[in-house]
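So that you can see what the record holds, here are the features copied from TrEMBL:
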| type | residues | note |
| --- | --- | --- |
| REGION | 1-60 | region 'Disordered' |
| COMPBIAS | 37-47 | compositional bias 'Basic and acidic residues' |
| DOMAIN | 70-333 | domain 'UCH catalytic' |
| ACT_SITE | C149 | active site, nucleophile |
| REGION | 222-262 | region 'Disordered' |
| COMPBIAS | 222-234 | compositional bias 'Basic and acidic residues' |
| ACT_SITE | H272 | active site, proton donor |
Amino acid sequence: MQQNNPNDGAVTPTHPASGPASSPKKRSVDDLSGDSPGKKVKMDRGDSSPPRSSPPSVPAIDQLKADWQGYCEIESDPAYFSVILREIGIQGVNVQELAFLDPSNLITLPAIHGLVLLYRHREFDQDKQEITCPNHVWFANQMPGQNSCATLAMIHTLLNVQDPDIDIGEHMREFKKFTQDMKPSQRGHTFASWNYVKKIHNSFAKKMDMLENDKYIANKSAQAEKRNAADAKKAAPPKTTSKTRSRTARRNSEDSTDSNASVEEFEANAHHYIAFVPINGQVWKLDGMDKQPTLMGEYDEGKGEMWFDAVSDRINSLIATGDNDYGIYAITQSPLVPIRNQIIEADNTVHYVDARLTAINVDWKGFLDEDDVEPPSPSFMGSFSETYRATNPVPNSIKAAIDKEDLDALLDRHRALVARMRNHVMVYMEREQEVEDQDQRAADRRWDYGPAIQKWMSMLAENGYLEENLKKFYPS
């Protein structure tokens with residue numbers, strides 16, 4: 001499979017696997033090559049190990065993360081998810097965590113484009129999967145060797161959104177266009193080979209994350225080899241063997257026990273992200289571990305129905321039958337979007353009022369206090385293009401009212417608009433600060449303290465401090 005340069009955002013053509021039509025069941029590793037279903041994959045891990053270019057005590061450098069073929073696990077923090085989307089190039093969205101799923105509370109949030117559920121993995125509604133993926137639904141399989149379910153769930157949402165206030169960015173537009181006619185497995189292969197997104201995702205990886213990932217893969221591979229060897233042994237003709245087990249055999253058996261325990265413990269605690277997305281009056285479950293998407297319900301916007309009403313009961317029942325170890329995240333409209341639109345409309349209206357005032361009296365500014373003459377003009381307004389300004393024109397009804405007003409009424413309107421813009425700008429700057437705080441949290445998370453702590457503990461051990469104070473930490 002050909003891969004693009006990690007610094008290149010272009011979508012790289014791949015050679016997707018093709019196979020027979022899939023039944024609506026859980027995917028397996030064998031499905032990806034078109035063979036009959038085999039062992040099911042619960043959580044995917046890297047199909048190749050990161051290069052052993054540095055010891056565990058050295059942090060993973062950016063190039064090491066970029067070369068790594070797996071996907072690291074990311075804490076379920078909405079700030080990290082929001083940063084990933086922005087760095088991919090998607091604008092106009094925000095990720096918000098929900099304490100619980102209550103439709104009466106959801107209507108108070110900005111426009112919700114999708115819900116992402118994090119839960120302890122278990123299968124549900126497998127028999128309801130589509131036979132084939134509908135043309136109007138963009139859906140990709142999560143490839144073995146890719147722990148990408150969080151990022152894939154968000155991309156599943158945003159590649160199915162049609163909203164003028166959301167810009168998915170040039171990279172995602174080209175990716176969607178390139179994969180539009182592919183099958184879900186082919187899209188999954190293409191996504192897995194796309195280093196542009198993988199590099200952003202793995203920027204959160206720590207050295208220990210990568211090592212743990214490698215350990216899991218090694219144990220999983222060892223188990224597969226032992227199963228293959230056992231199957232081959234059963235098929236071979238019997239032969240006389242010694243009753244005495246060799247040291248190597250005993251050692252392999254002991255290693256196998258440890259490996260099996262490690263893998264089983266990991267898989268028993270495996271968590272998974274899936275998306276619930278509204279598309280053309282229907283709500284779809286988009287789970288990369290499934291072969292095909294699942295239609296969960298329908299809604300009618302014309303009747304005032306909210307799309308999440310069609311799926312909230314099913315999600316809540318799923319949570320109720322599991323445990324308290326779950327998370328719900330709403331992919332919403334960025335709070336900056338409506339405020340920015342309000343600022344632009346108010347600014348356009350001020351200019352329209354000013355033109356009317358000038359037509360009536362060129363010296364109209366002399367009737368206003370100095371603070372009320374000019375509307376606020378923060379630096380961020382300079383980035384608003386004329387095309388973008390045109391998307392929020394002065395409503396015709398407001399224009400008609402302005403055209404009928406006299407000088408005094410226009411001056412009052414001007415004062416009110418300037419005051420309104422000041423308030424909008426203040427709120428906008430507060431929301432911008434929240435975005436900066438998210439960026440800072442992400443930067444802090446990307447800093448790997450593990451090697452420094454390991455080095456510090458090694459030095460304490462070398463100078464005898466740990467041995468001298470062991471009883472303080474482990475009292476008898």
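Glycine too: its Cβ is placed from the backbone N, Cα and C atoms.
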Checklist entry - Cα-Cα separation of C149 (active site, nucleophile) and H272 (active site, proton donor), in Å? => result 6
Next on the checklist: According to DSSP, collapsed to three classes, what secondary structure does H272 (active site, proton donor) have?
Outcome noted: strand
Next on the checklist: Summarise the compositional bias 'Basic and acidic residues' (222-234) as counts of helix, strand and coil residues per DSSP.
Outcome noted: 13 helix, 0 strand, 0 coil
